[in-house]
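Visitor: After the C-alpha cells below, expect a handful of questions from me.
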Amino acid sequence: MSYQRNSARASLDLRSQYQQLEGRMRSEHFNPAYQQQQQKGQNIPLSLPSSLAQRNPIPYPIDAVTSDPTIPAQLNVYDHDRQNSIVDAAAGTNTTHSLNSNNIPSSQNNNINNNNINNVGSFTDPSMLTLPKMSLHSHQKQYDSNQNDPRSPLAILIPTSAQPTDVLSARFSAWRNVIRAILVYLSETASIQDEIVRQQLRLSHAVQFPFFSIENQYQPVSNEDKSMQKFFLPLGSGSVQDLPTMLTKYHDNLASLASKSSKELTSEIIPRLEDLRRDLLVKIKEIKALQSDFKNSCNKELQQTKHLMKLFNESLKECKLGTPKSDPFLIKLQLEKQIKRQLVEENYLHEAFDNLQNSGAQLESVIVMEIQNGLTSYARILGKEAQVVFDSVISKLDSTILNKNTNLEWDSFILRNISNFVPPNLPMRRFKEISYSNQNDPFTFEVKSGFLEKRSKFLKSYSRGFYVLTPSFLHEFKTPDKHKFSTPLMSIPLVECTVTEHSKKTKSNSEQGKNKFILRTNSNGLIHRGHNWVFKVDSYDDMIEWFGNIKALSSLPNYDDKCKYVSKVAKLSKEKAKSNENTTESVTPQVTNEQHTRYDDVSSSNFPLNSIPKLDNLTITNTTSSIPETNDSQIQNRVPEFYIENVDSPRKSNQL
C-alpha cells in the first residue's frame, strides 16, 4: 500500500488522549475520587479490594489516525522551500563555477580541486604535520567543538544518514509482540475457572516474552531477542520489562488460590488489546511509508558551503595582501545564499524527524495507556482474592508499570538512540544566529551603490546600470535586486583605475543633468588597452561622492588605510540614515558642507596615482544568480547603465 508524503505524515499524527477518550468512558461504576487522583498523576491505591471493584476500565479501541488540517499546510511550505533550494543549488553551482573561472588562475583552480575540503582541520592536513603534539590535540579539540556549535555553518546537528523509520517500525513490532504476550496470558487466565491448579501451571508457561529477561529463570538467547530487548528499559527499572518476572512469581505463589472470572477478560480487556495490536500493524506500515522523507542532500550542501567558505577566506587573504583576484563581497553573497539553502534542507529534515518522533510518542503513549488499562482491570479481578494475591502481584504492578509516565519508555528510547533521532529539546537553527570568521570584515562592506549612466563607445549615447562600489572593485549589476543577480555584469578592479576629472558645478549643468566624471583603467600590455569610462550622475553632490570614494579607494596604499576609510564611510552612512529616520518631512536629499569638504579633500589628496599595481583582472560576466535584496525606493528615478570609451577618443575633453 503506497502513501503520498504529506498524507502519510499527516495520517500518523494522533489525536490527544483526552479527545480519543471523549464519549468512550463508561458512566456506570466510575469513581470520581479515582478521576481526581488520575488528574494529579497518581494511581488509585490498591490496598482494598473495594477500591479495585470501583475502578472500571475505560473502553478504548484505538483510533489513532486523524487528519490535522494544519500539518499538510506546513509540510507543503517545507516541500516548496526544499524544491526551491534544489533549483537554487543548481544555479548556485553554475554561478560559483563562473566566478572561479574568471577570478582564479588555472594553477590555483588545480590546487583547489586537488585539496580535499574534508581534510581541512583534521590530523591528515599537511599543515598540521609539523605542529607539536599538544598543538595537534588543541586543534582537534577546537575542530570537534566547531562541529557541535549551532552557530557554525559547517555543523549539522541532526543525523543525515539515519534510518529512523526502520528503527521505529522494529520498535512497534516489538510492542506488538508485547501485546501478543499479554493477550496470550489473559486468554489463558480466562480458561482456569474450574481447574485452578492445572491452569496456574498453564499460565506460568503462558508468560511468553522471548526478548525480556525473567529474574533467576530466563535470559534471551537469540540475537533477534537480544536486539528487541534493547528497545526497552532494563529489568528492575519499573517499566514493561519487569512484567514477565512479576507474573511468573505471582503464579508460583497462587497455585491453589486462583479463582477467576473470565467474563470481563473475554468481553472487554482482550478485545481491546487485540484491536490495539491490529491497529498497530497499520501504523507500522504508515511509518515505513515515511522513509522517503528522510532522504536528503544535507551532506552535499555542507560540502558546497565548505567550498565557498574556503574561497571566501582565500579572497580576504588576497585582498589583505593588496592583490585581489576576486571580491570577498561577491563570494560572501554566494556563501550566505548557500548557507540559507543548506538550512532549508536541514530544517526540512529536522521537521521530518519532529513529525515522526511526535507521532511515535503519541502512538506509544496510547499503547502504554491501553496496557495500563488492561493490567488495571486484571488487577481489580485479582483484588477479590486473598491478601496474598495483593501482596504477590498487585502492589508490585501499582508501584512500577502502572504508576509510570506513559513517556518513560519513549524518552529513554530516544536518549539511547541519539544517533538515529533528534533530542526532544533541540531547537531549529536560524540564519541570523549563524556566525563565521571575517563575517564583518571591512572588505565585505558596500561603500556606495546606486544608478549611474555610462557613455557608449560607438554611439556616444548613455545607458543606465546599477553599480556597487566595494573597497576593491566597482561592479555593474543588471538590477538592484540582489536576490536575482549575485554575479555582476562587469567588475573593475580599483587597483587598475584612477579618476582623472569631473565636471564643474554650474547652473546649466545641473539643469541638463551633465554631472560627469571620468574613470580611467590603466593599460596592461598590448591586449588590454587603457580606457576612459565616462559616467553621468543625476546630481552634482552625488557625482562628487562617487568621485571621492573611487579616488580614495584607488589611491590608498594598503589594507589598513582602506579599512579605516571604509569604516569612516560606514559610520557616516549610519549617522545619515539615523537622521533621515528622525525627519518627519520629506526633503530633497542634499549633501552637507561637511560632506562637501570631505570629498573635496579626498579629490585633492596627493596619493601617488602612478604607484597603482597593474593587474589583468577586468571581469565581465553574465549571470542569473541573486544578490541580497536592496531597497531602491530612494533611487527609483535614477536608472543608468555602463559603456566603455577608448582612451584614444579625441572627444573626451570636448564633451565634459
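Backbone N, Cα and C atoms are what each Cβ position is placed from, and that goes for glycine too.
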Visitor: Which one of Ser106, Ser503, Ser579, Ser626 shows up in Swiss-Prot with the note phosphoserine?
Guide: Ser626
Visitor: Which one of Ser152, Ser649 gets the tag phosphoserine in Swiss-Prot?
Guide: Ser649
Visitor: Using DSSP, how many residues of the domain 'PH' (445-555) fall into helix, strand and coil, respectively?
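Guide: Taking the domain 'PH' (445-555) as a whole: 25 helix, 45 strand, 41 coil.
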Visitor: What is the pLDDT of the domain 'PH' (445-555) when averaged and given as a whole number?
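Guide: 81, rounded to a whole number.
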